[in-house]
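I have placed the structure first, in the form of structure tokens, so that the comments after it can refer back to it.
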Amino acid sequence: MTKQVEIFTDGSCLGNPGPGGYGAILRYRGHEKTFNEGYHLTTNNRMELMAAIVALEALKEDCDVVISTDSQYVRQGITQWIHNWKKRGWKTADKKPVKNVDLWKRLDAALSHHTIKWEWVKGHAGHPENERCDELARAAAMNPIQEDVGYQPGS
């Protein structure tokens, strides 16, 4: 039987662009693993994407996954926009390069082995796991140690 996994994510950026961090919780059968890391210069959208990517990349086998995010950018991007971006060679409808394409490609690859259900939760509305992820992300953003090599000013 396929493992049933829950993932909760959040990203934070102090300035946007500025120092940023992500936080994620991976839950399986009552056990939890948390992830967070801070970056010197990045954006909130990149950190929202990184939270989902890092948690998914931690899975060692195919799983049924429910991912909860407060990011409409991530949820809509992966459930609605990515199919056309790929068809257009990673261009938007107005033929501009997709922002954060490095992370969208990485997220797409990380999803490929799993059955995914995306759930949107309202941020800062008392959702316990979202609040914990927000705390993890903000703590990481306040102590950045990584360089976001994929960040491009203006994205």
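Placed from the backbone N, Cα and C atoms, the Cβ positions cover glycine too.
Taken from Swiss-Prot, the feature domain 'RNase H type-1' applies to 1-142, supported by sequence analysis.
Swiss-Prot lists Asp10, Glu48, Asp70 with the feature Mg(2+) 1 binding site, giving sequence analysis as the kind of evidence. Around Glu48 (Mg(2+) 1 binding site), the same-chain residues six or more apart in sequence whose CB sits under 8 Å from its CB are Thr9, Asp10, Gly11, Tyr22, Thr69, Ser71, Tyr73, Val74, listed in sequence order.
A 10 Å cutoff on Cβ-Cβ distances gives Asp10 (Mg(2+) 1 binding site) a total of 33 other Cβ atoms nearby, all chains included. Under the heading Mg(2+) 2 binding site, Swiss-Prot lists Asp10, Asp134, citing sequence analysis as support.
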Taking only the CA atoms, the spacing between Asp70 (Mg(2+) 1 binding site) and Asp134 (Mg(2+) 2 binding site), expressed in whole angstrom, is 10
Grouping DSSP H, G, I as helix and E, B as strand, the residues of the domain 'RNase H type-1' (1-142) number 56 helix, 49 strand, 37 coil
CB neighbours within 10 A of Asp134 (Mg(2+) 2 binding site), counting all protein chains shown, number 20
